[in-house]
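Chemist: For reference, Swiss-Prot lists these features for the protein:
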- 1-10: compositional bias 'Basic and acidic residues' (COMPBIAS)
- 157-170: compositional bias 'Polar residues' (COMPBIAS)
- 1-42: region 'Disordered' (REGION)
- 125-170: region 'Disordered' (REGION)
- 154-244: region 'Interaction with gE' (REGION)
- 243-302: region 'Disordered' (REGION)
- 212-224: motif 'Nuclear export signal' (MOTIF)
Amino acid sequence: MASSDGDRLCRSNAVRRKTTPSYSGQYRTARRSVVVGPPDDSDDSLGYITTVGADSPSPVYADLYFEHKNTTPRVHQPNDSSGSEDDFEDIDEVVAAFREARLRHELVEDAVYENPLSVEKPSRSFTKNAAVKPKLEDSPKRAPPGAGAIASGRPISFSTAPKTATSSWCGPTPSYNKRVFCEAVRRVAAMQAQKAAEAAWNSNPPRNNAELDRLLTGAVIRITVHEGLNLIQAANEADLGEGASVSKRGHNRKTGDLQGGMGNEPMYAQVRKPKSRTDTQTTGRITNRSRARSASRTDTRK
């Protein structure tokens, strides 16, 4: 057993250790407080150990409390700003908690190593060279040559010069013109097929499924593919909805005159000539009106 001098020394040392007490109106209800005294010369060199109960005041300040009954007791509170409840009874619980946390960390590292995209925030080893590695999810796919011009809604046209190739995905001029040609054929074919279908329906509209089958069996839709710039002009007019209002006419390439075409003939793009300012009828009308106005003005003045 420890001597009485050793017990007294243990209490005095424990009191000296509490140098930062805080003022409070209640006693500290500690779950566990262990005060270990220094070893002495006796056989029992572990010192004096005591445990504080939950309902009794701290033994460290018991003497001070009974000496100063009329004053507010200065109770020590632990300097724990986090307010965590992670208290362990013995070292075995600490070791078990540490092993469990290390196991969870290893499992997360294994998952990140197998599939880096499976977690939102990978470890620092994977984000170290994130700026060098290309993005797999956020990088959009580049459109093929000609797709952007077709999807923009602007009039399509053939390209006579290759694009400035800034990356490997940019194709040459033939790829661009091929896509423009296919789009022009699609627009013209759709316009001609719609007109042929409307004509077949209006000639003998079906009233049941049997008549509809006969109409589809007997209907022949003839699609003519134009050549050169006429194809692009017809495709642009079909895209703008102007192809339906233009009358069916053919273009004689030898003479350049406009001739009336048959129903089965292809419809070419028409270029309307603007009226000349030297038109005799227009100038005659203007002169007659001006003369009439000038004559009326002179009559009123007289």
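Here the Cβ of each residue, glycine as well, is placed from N, Cα and C on the backbone.
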Chemist: Which numbers of helix, strand and coil residues does DSSP report for the motif 'Nuclear export signal' (212-224)?
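Modeler: Secondary-structure composition of the motif 'Nuclear export signal' (212-224): 7 helix, 0 strand, 6 coil.
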Chemist: List the helix, strand and coil residue totals of the region 'Interaction with gE' (154-244) as derived from DSSP.
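Modeler: The region 'Interaction with gE' (154-244) comes out at 53 helix, 0 strand, 38 coil.
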